[in-house]
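Participant: Quick one: the structure is below, questions incoming.
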């Protein structure tokens, strides 16, 4: 386990910024209640076995006892580095992203299951959408009852979505909670 | 031939005519008339019972009978008329054949049919009376037979002989017969004094029961033998039957993300039939049936609940972790209990979730992330190494849900019935003993809010449960405290030849046939101090000796004990707190020589004491022999 170096940190922050925008500040400076100390500490990012974790500092301190071979996970895993060297956010970061998301999309109940199977979000399944979405923005997908279902990249801006035909893709799927069942091994 | 039979019949009829005639003349005509409608039915009934008996030869007889009966019918009431005659006909035909056979019924019917002329009313009366009597007799006979049968079976129950057993063994098992035999034996055993057949020992019944249960339900000898030793026959049957069925599916609400009421509403909308689990749990729900797969709803995927059996709630409830504590879960996968601990701690403090098997780590991490647990560090160690990794006396609470034989969850996994042997149990017991010592060493006795260890298994075997706790009580300075679970049976304090510490009644056992959850064992220990007990061996003599010695040599004992302990358990840190100030340092310098001397002295004394004890034992054993 080691802290992220400069390039890695920039890459990770960029990805997160797409989803949360200025709330990135919140994420980094969130007081954390984990750890046995009564006063809240801070969060930090750590890299372990090509996975990036978002952990509270007190946890990090205590996890130093654990050897590198045996440490499997700390706090929340937010993403991993592929062999090629690019960084992808995984579904396990959903909690963090959903709490701080700037761009949100709500799905109709009928198309929830389709998204959970890994399909993209079509115009016909769209319930609500926040304004001022630019293509290429990170979007967090919710159900109508505000349950976070996953996230993806916006394919069209909000304006264009209105003009789109029902089968047009609105959000390109990146990760969804159905992966806990479908791709257990990948996680 | 027909002529002969006819004559015989007629003769017989004539013979039998007179008594009924006498009877009938005594009775009145009026009642005879009132008898008639029922008469009809009776006659019909009787006649229809024996349609088969009709044969070709009877045709001639019929004609004769008809003539006679027509006379009777003319004389009788209009109602009966032709019916009557036809009934009579049919009666006589079977009568003709049966008479040759010679049964009671036939004689009566013979009299019936033979009632020719004389007085009409009296004939009918006689007939009706005879029919009534016949029916009564039949009923009585039937009852007697029934009672005979009922009485005969239990009285006649006997254990199958060797030959019969061999025959059974050669073919496929006859399941209904096995089942009746099992029931019979259980019935006899449950009241052996009164119901035992003579000369048969209880043991033979028990052996036969074991064999039958093993073949009927598919257990291996070892397992069925241990179950028979643990439970009385009736309860044993209940337990085995309960193992055949599945326990109800239950889920646990994730209080980090939702409340039970809200979750129940959402699931009900999806078409899941559920109820709160029971009054001892505020987060449990039991699922009766569901239109959607309960393990794949969007709510499950979003981490609102966890599929968890009710028995798995118990050790976490016993542990009762508080916020901002340090907790270790030594065998955490797949993470049901760990996530429950985290939700009780509200994501504060720190949980170390350890799992030895690599394939199970994925499911553990996935569950932790799904449920939104952020205060956990997952590591991959053998549980016995954890005190080395985290340091001794470093955490507040430890949860040890030890790997076990799984005899309590036979309803989930039938292979346990056949795959577990005495050897397996012993291996598990050894592993569990080592793990519990490691768990105890991890806990800090001086923790402000904690100092507790909860040990649980999903097994009902005594060597894996009570024996392990007893071992821990002997080896470490811990004591049992109430689990906080008021339902559940108290653990055994003694069993066959074993005698456990009396406080073991504070542990709790759960059974499928009593509590409708998987077989489970939970024990809660409190660590009293960070010292380990000086290697108290299994023989009480040694401990006595050590106690005497320690009372003699106070100061010098501590370093000695430390070194002894060090040999066994690499426990250098503990010797440090025992070194207080200069005194001990001085003794330590001289220590090695003195220690060697005293150790050899000790050994001699111990050996002497053992010899003495053996002599005493020999004397004791000899005396009863002589008597």
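Note that Cβ sites are derived from N, Cα and C of the backbone, with glycine treated the same way.
These came from TrEMBL, pasted as-is:
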- B:1-12: compositional bias 'Basic residues' (COMPBIAS)
- B:1-175: region 'Disordered' (REGION)
- B:33-44: compositional bias 'Basic residues' (COMPBIAS)
- B:55-96: compositional bias 'Acidic residues' (COMPBIAS)
- B:123-165: compositional bias 'Basic and acidic residues' (COMPBIAS)
- B:239-528: domain 'SAM-dependent MTase RsmB/NOP-type' (DOMAIN)
- B:331, B:332, B:333, B:334, B:335, B:336, B:337, B:355, B:382, B:401: S-adenosyl-L-methionine binding site (BINDING)
- B:458: active site, nucleophile (ACT_SITE)
- B:531-545: compositional bias 'Basic and acidic residues' (COMPBIAS)
- B:531-627: region 'Disordered' (REGION)
- B:560-570: compositional bias 'Basic and acidic residues' (COMPBIAS)
- B:608-627: compositional bias 'Basic and acidic residues' (COMPBIAS)
Participant: Indicate whether residue B:337 (S-adenosyl-L-methionine binding site) is helix, strand or coil by DSSP.
Facilitator: helix
Participant: Neighbour count, 10 Å Cβ-Cβ cut-off, for residue B:458 (active site, nucleophile): what number do you get?
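Facilitator: For residue B:458 (active site, nucleophile), the count of other Cβ atoms within 10 Å is 24.
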Participant: Which whole number of Å gives the largest C-alpha distance between any two of B:331, B:332, B:333, B:334, B:335, B:336, B:337, B:355, B:382, B:401, the residues noted as binding S-adenosyl-L-methionine?
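Facilitator: The S-adenosyl-L-methionine-binding residues span at most 20 Å between Cα atoms.
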Participant: When secondary structure is assigned with DSSP, how many helix, strand and coil residues does the compositional bias 'Basic and acidic residues' (B:123-165) contain?
Facilitator: 38 helix, 0 strand, 5 coil
Participant: DSSP on residue B:382 (S-adenosyl-L-methionine binding site), three-state: which is it?
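Facilitator: In three-state terms, residue B:382 (S-adenosyl-L-methionine binding site) counts as coil.
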Participant: Applying a 10 Å Cβ distance cut-off over all chains shown, what neighbour count does residue B:333 (S-adenosyl-L-methionine binding site) have?
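Facilitator: I count 23 other Cβ atoms within 10 Å of it.
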Participant: Including all protein chains shown, what's the count of other C-beta atoms within 10 A of the C-beta of residue B:337 (S-adenosyl-L-methionine binding site)?
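Facilitator: The Cβ of residue B:337 (S-adenosyl-L-methionine binding site) has 26 Cβ neighbours within 10 Å.
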Participant: What is the separation, in Å, between the Cα atoms of residue B:333 (S-adenosyl-L-methionine binding site) and residue B:458 (active site, nucleophile)?
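Facilitator: A Cα-Cα distance of 14 Å.
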Participant: In angstrom units, rounded to an integer, how far apart are the Cα atoms of residue B:331 (S-adenosyl-L-methionine binding site) and the residue listed as 'active site, nucleophile'?
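Facilitator: So the alpha carbons of residue B:331 (S-adenosyl-L-methionine binding site) and the residue listed as 'active site, nucleophile' sit roughly 13 Å from each other.
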Participant: Fill in the CA-CA distance, residue B:337 (S-adenosyl-L-methionine binding site) to residue B:458 (active site, nucleophile), as an integer in Å.
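Facilitator: If we compare the Cα positions of residue B:337 (S-adenosyl-L-methionine binding site) and residue B:458 (active site, nucleophile), the gap is 13 Å.
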Participant: Quick one: Cα separation, residue B:458 (active site, nucleophile) versus residue B:335 (S-adenosyl-L-methionine binding site), in Å?
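Facilitator: So the alpha carbons of residue B:458 (active site, nucleophile) and residue B:335 (S-adenosyl-L-methionine binding site) sit roughly 15 Å from each other.
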Participant: If you count Cβ atoms within 10 Å of each one, which of the binding-site residues B:331, B:335, B:382 comes out on top?
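Facilitator: Answer returned by the neighbour count: B:335.
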